[in-house]
Amino acid sequence: MMDTKTKLLGLIGHPVDHSFSPIMHNTAIEDLGINYVYLAFDVSEENLKNVVSGAKALQITGFNVTIPHKINIMKYLDEIDEDAKAIGAVNTVKIENGKAIGYNTDGIGAKRTLEEKAGILIDKNILIIGSGGASRAVCFELAKDNNLTIINRNIEKAKILSEEFSKKLKKQKPINYGDLDLDIKNFDIILNTTPVGMHPNTNVDPVIPLKNIKKDAVVMDLIYNPIEPVFLKEAIKYGAKTINGLGMLVYQGAVSFEIWTGMKPDIYVMKKAINSKIRL
């Protein structure tokens with residue numbers, strides 16, 4: 001039960017009504033028996049600055065940042081973790097000693113989720129679709145030990161991101177880039193980081209056709225609502241192993257939770273909470 005000592009955590013983005021983060025985090029909070037609550041807030045771009053100053057004034061413990069604010073939130077923060085700074089996007093903010101500090105846990109979440117189905121990720125040929133905030137985090141984490149290609153509807157954005165991370169990570173083999181017509185037959189892993197197919201706009205075509213994928217390819221979509229987005233339905237038709245965004249949501253959320261509270265939540269409890277929501 002909330003009282004005057006309850007600490008507030010939250011999620012900001014637009015939209016947020018589809019999010020499973022509140023039930024996931026609140027279940028973890030209840031499991032640990034700590035006095036916190038996690039709420040979702042639909043925030044427009046013009047109110048981002050006010051959100052950060054308000055969070056500091058109200059002594060909110062911290063909040064997650066989702067689409068479309070992961071990049072623009074950075075200019076309103078007091079400090080940014082070195083990895084988040086290199087990524088160029090923030091998905092987690094902690095308010096500490098009156099300062100808003102930004103972190104990024106998306107890349108770690110994506111990597112841990114992929115490794116559950118694809119094994120250790122070393123020297124894999126990976127195709128990343130999209131160049132937004134989530135893409136930046138995933139690229140930064142996966143490019144360290146693998147061969148990446150980034151594609152985007154706007155090829156110039158893909159080029160800028162590939163060149164930026166090739167330089168930051170001192171890649172001997174530069175990150176490749178292309179447009180949405182790139183031949184996909186040689187990729188071990190294909191990962192969609194765009195919101196194409198996300199609730200409520202689910203009646204759309206897949207972001208790229210998948211008929212030429214490798215026989216044993218792993219296809220991941222960061223979308224988790226719907227559970228089986230159109231991109232994964234397409235992948236299943238061609239025999240691919242598929243992963244939706246639920247695992248990443250849990251793993252990145254667990255790292256965020258630890259940043260805020262100093263406590264490790266139970267991953268199983270968080271997954272179970274989401275699965276119970278899905279069945280409703």
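Just so it is clear, glycine is given a Cβ too, placed from its N, Cα and C backbone atoms.
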Checklist entry - Of ASN50, ASN91, ASN125, which does Swiss-Prot put in the shikimate site with SER19, PHE20, SER21, THR66, ASP106, TYR224? => result ASN91
Checklist entry - Which chain neighbours of the shikimate site, leaving out SER19, PHE20, SER21, THR66, ASN91, ASP106, TYR224, have a Cβ atom within 8 Å of the mean position of the site's Cβ atoms? => result LEU11, GLY13, ASN64, GLY245, LEU249, GLN252, GLY253
Checklist entry - Which number gives the other C-beta atoms within 10 angstroms of the C-beta of LEU222 (NADP(+) binding site), all protein chains shown included? => result 28
Item to check | Cα within 10 Å of LYS70 (active site, proton acceptor) - qualifying binding-site residues among SER131, GLY132, LEU222, TYR224 | outcome: GLY132
Next on the checklist: Under a three-state reading of DSSP, tell me whether SER21 (shikimate binding site) is helix, strand or coil.
Outcome noted: helix
Checklist entry - To the nearest whole angstrom, what is the C-alpha distance linking GLY132 (NADP(+) binding site) and THR66 (shikimate binding site)? => result 11
